[in-house]
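Per TrEMBL, the features are as follows:
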{"type": "DOMAIN", "residues": "96-256", "note": "domain 'CP-type G'"}
{"type": "DOMAIN", "residues": "105-254", "note": "domain 'EngC GTPase'"}
{"type": "BINDING", "residues": "Thr144, Lys145, Thr146, Asp147, Gly198, Ser199, Ser200, Gly201, Val202, Gly203, Lys204, Ser205, Thr206", "note": "GTP binding site"}
{"type": "BINDING", "residues": "Cys279, Cys284, His286, Cys292", "note": "Zn(2+) binding site"}
Amino acid sequence: MKLPGFSEKMAGLIGSVNSSELARVIIEHKERYIVQTEAGVYQAEITGNIRFSARSRADFPAVGDWVRITPMDAQNAVILEVFPRYSSLSRQAVGKQADLQIIASNIDVAFIVQSVGHDFNINRLERYLAICYSGKIEPMILLTKTDLIPQAEIDSLMETIRKRLPKVKLIAISSENGTGYNLLEETMQANVTYCFVGSSGVGKSTIINHLSNEEKLTTSAISTSTQKGRHTTTHRELFVLENGSIVIDTPGMRELGMTDDSSGIDLTYDHITELASSCRYDDCSHTGEKGCAVLAAVENGELSEETYQNYLKLKREQQHFSSTIHEKRQKGKEFGKMVKAVMKEHKKNKY
Ligand SMILES: Nc1nc2c(ncn2[C@@H]2O[C@H](COP(=O)(O)OP(=O)(O)OP(=O)(O)O)[C@@H](O)[C@H]2O)c(=O)[nH]1
Ligand SMILES: [Zn+2]
């Protein structure tokens, strides 16, 4: 068994490691992992050291991570180290204040999946794009379930996407009648890691099943009106397709909060970033300043109001997260200092 998706890029990040110790995380389930080595798969747990030294959830292993392990027996291993990631899909951890969660890592291409109909939302596409760019992942858009609408409507949706996001590769497919699968399969290469992201029910698992020619993931009928009886992917999984492509399936994500990295937003809205370079003030917020080139473009119709509003919304969210995470780190530092001071005092009193 070859290591799934091991590349020059990763080798450069790892340095020297004994090949029997090198593994990739293929399944994560509540801090228990399944890792793939050249020899086979192991159930693995992290060392206490990784747990105690973790500054955030992002320091825990994620699906796609390359790790250093030590086998305990034929089935079990311990994860000693998580190697640096060249890319990662991350978001604000749900339900936890200001923490970063890695959904999957070391991904080359993310297919942002949206189906025609209710799920279609161009602002949400931009949100996914920003998250991909922040994580150094190349995004591509997959418009699914095209069998549900007439060709004219498909063309118009594609036109809308192309107009707003001209640089992003776009493929329209149907798992029902097979349209677009040739394009998708042509795109996917061996030893490259892909992931599919998008809301629950847009057809991700169905696509992966078709690509792998196997019922790897169970899908079931979804009742769109009642939202009952739907299949949801409960854990992440990494596997290799027949053509050698590596696929990571991620669960449908209802909340996808912007992280503290602003580069993804700048790349998604490169047109606005370019305009902003001509604003009068370097720290222009583009919301009312004199000499703001972005506002001027909105006024003269060069930049659509909708794009502008979505840009501001994502920016605000990103800035809010950055400041709360900064505050939290600051508090952590202060607490650390206090502990140190107390310990010092404690030592002094001993003698
Ligand atoms: N009409 C039509 N239905 C589809 C198509 N692809 C998937 N479906 C149906 O949509 C429903 C959801 O598909 P899934 O593949 O489970 O969706 P998912 O994105 O993997 O959902 P999660 O696992 O919850 O994230 C299923 O009932 C599929 O049969 C398509 O191309 N056309
Ligand atoms: Zn401005």
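Just so it is clear, glycine is given a Cβ too, placed from its N, Cα and C backbone atoms.
TrEMBL entries are annotated by machine, without manual review.
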> If you measure from the Cα of His286 (Zn(2+) binding site), which of the binding-site residues Gly198, Lys204, Thr206 is the nearest?
Replying inline: Gly198
> Counting by DSSP, what is the helix, strand and coil composition of the domain 'EngC GTPase' (105-254)?
Replying inline: 46 helix, 33 strand, 71 coil
> In Å, rounded, how far does the Cα of Ser200 (GTP binding site) sit from the Cα of Cys284 (Zn(2+) binding site)?
Replying inline: 38
>> For a Cβ distance below 6 Å to any atom of ligand 1, name the binding-site residues from Ser200, Val202, Lys204, Thr206, Cys284, His286 that qualify, or say none.
In response: Ser200, Val202, Lys204, Thr206
> Which state, by DSSP, holds Cys284 (Zn(2+) binding site): helix, strand or coil?
Replying inline: coil
> Which of the binding-site residues Thr144, Thr146, Gly198, Val202, Lys204, His286 have a Cβ less than 6 Å from any atom of ligand 2?
Replying inline: His286
> Roughly how wide, in whole Å, is the group Thr144, Lys145, Thr146, Asp147, Gly198, Ser199, Ser200, Gly201, Val202, Gly203, Lys204, Ser205, Thr206 that binds GTP, by largest Cα to Cα distance?
Replying inline: 19
> Distance between Cys292 (Zn(2+) binding site) and Thr146 (GTP binding site) at the Cα atoms, whole Å?
Replying inline: 41
